[in-house]
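A.B. asks: Input: one structure, supplied below.
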Amino acid sequence: MKEKLWNHITTVRKQSPLVHNITNYVVMNNTANALLAIGASPIMSHAHEEMVAMQQICNSLVINIGTLDTYWVKSMHLAIEAANKNKNPWVLDPVGAGATPFRDEVLSELLNLKPIAIRGNASEILALAKHNKTQTKGVDSTASSLDAIDAARFLNKQYNAVVIISGETDVIVSDELEVKLNNGNLLMTKITGMGCSASAILAAFLAVIPESAEAAVAATALISIAGEISAKSCDGPGSLQVSILDKLHSITENEFLKHLKIEN
Ligand SMILES: Nc1ncnc2c1ncn2[C@@H]1O[C@H](COP(=O)(O)OP(=O)(O)O)[C@@H](O)[C@H]1O
Ligand SMILES: Cc1ncsc1CCOP(=O)(O)O
Ligand SMILES: [Mg+2]
């Protein structure tokens, strides 16, 4: 498994997929940079008129509801329909699930359109599965990823999607595997867009790796390890944001395998 994960990282670098992102205003710049750093290409676009044509030239799609409005909901539906037609995988990042009824209504519709993967923090995964006893703090989690595993299993069964719960431990749940990754650093929670970058990276991996669960493990491990290594030598959130991009770009097989903390 460990060597396969590194091979998946090199496949993304070699094949350089083009990822269409309908994502939020807050993270557009960091997620585009994260995609470039791993060797993929980003395009951020949400105009109704170009959703069909965009999916014809792209290899995958990210649907991120971070700064939702009704115009964008229509963009999301148009892009998903086109992605499904072109057999392009699409990822759902349910930013702020559970925060407002509008988000939850939109998410119910999107879930029924069958994302190949869903990545969120623990509060978001709990809210999506309607298991939430505690409220999300806007886009930030108030729960532990380990407490959202049953919710992730439920979502995996219900929607046949790979589910990734991010947090201190990242948990990947699919039909074939359930994996825990104990990488990352607490300082990563002090930078906006870490989870959104993880979702964008995930879409790049899914574009070129047919084994979706393995693609999810490799993508999640890559950003968590890049964050963990970078946090050791940075001065705080500002420099961490920049050095994660550097590490996503430069990480070697040795560094990746030395830091990988995986539990099957
Ligand atoms: N408490 C933590 N300790 C260590 N790493 C963390 C912690 N929380 C998040 N991370 C890292 O940050 C990444 C993004 O996760 P998270 O902060 O849960 O997403 P979001 O930004 O969507 O809330 C995770 O994959 C993990 O690598
Ligand atoms: C702060 C904020 N508000 C709306 S979207 C967003 C960014 C959320 O990014 P992430 O989920 O990666 O922390
Ligand atoms: Mg998030």
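Any Cβ shown, glycine's included, is placed from N, Cα and C.
From TrEMBL, here are the annotated features:
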- M44, G193: substrate binding site (BINDING)
- R119, S166: ATP binding site (BINDING)
A.B. asks: Tally every other Cβ atom lying within 10 Å of the Cβ atom of G193 (substrate binding site).
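C.D. replies: Excluding its own Cβ, G193 (substrate binding site) sees 24 Cβ atoms within 10 Å.
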A.B. asks: Across all the protein chains here, work out how many other Cβ atoms are within 10 Å of the Cβ of M44 (substrate binding site).
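C.D. replies: Here the count is 19.
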A.B. asks: Listed binding-site residues: M44, R119, G193. Which have a CB under 6 angstroms from an atom of ligand 1?
C.D. replies: none
A.B. asks: List the Cα distance (Å, whole number) between S166 (ATP binding site) and G193 (substrate binding site).
C.D. replies: 13
A.B. asks: Give the number of CB atoms, excluding that of S166 (ATP binding site) itself, located within 10 Å of its CB.
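C.D. replies: Other Cβ atoms found within 10 Å: 28.
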A.B. asks: Far apart in sequence but close in space: which same-chain residues, 6 or more away, have a Cβ under 8 Å from R119 (ATP binding site)?
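C.D. replies: Within the chain, R119 (ATP binding site) has Cβ neighbours under 8 Å at V91, L92, D93, V163, I164, S166, G195, A198, S199, L202, A216, T220.
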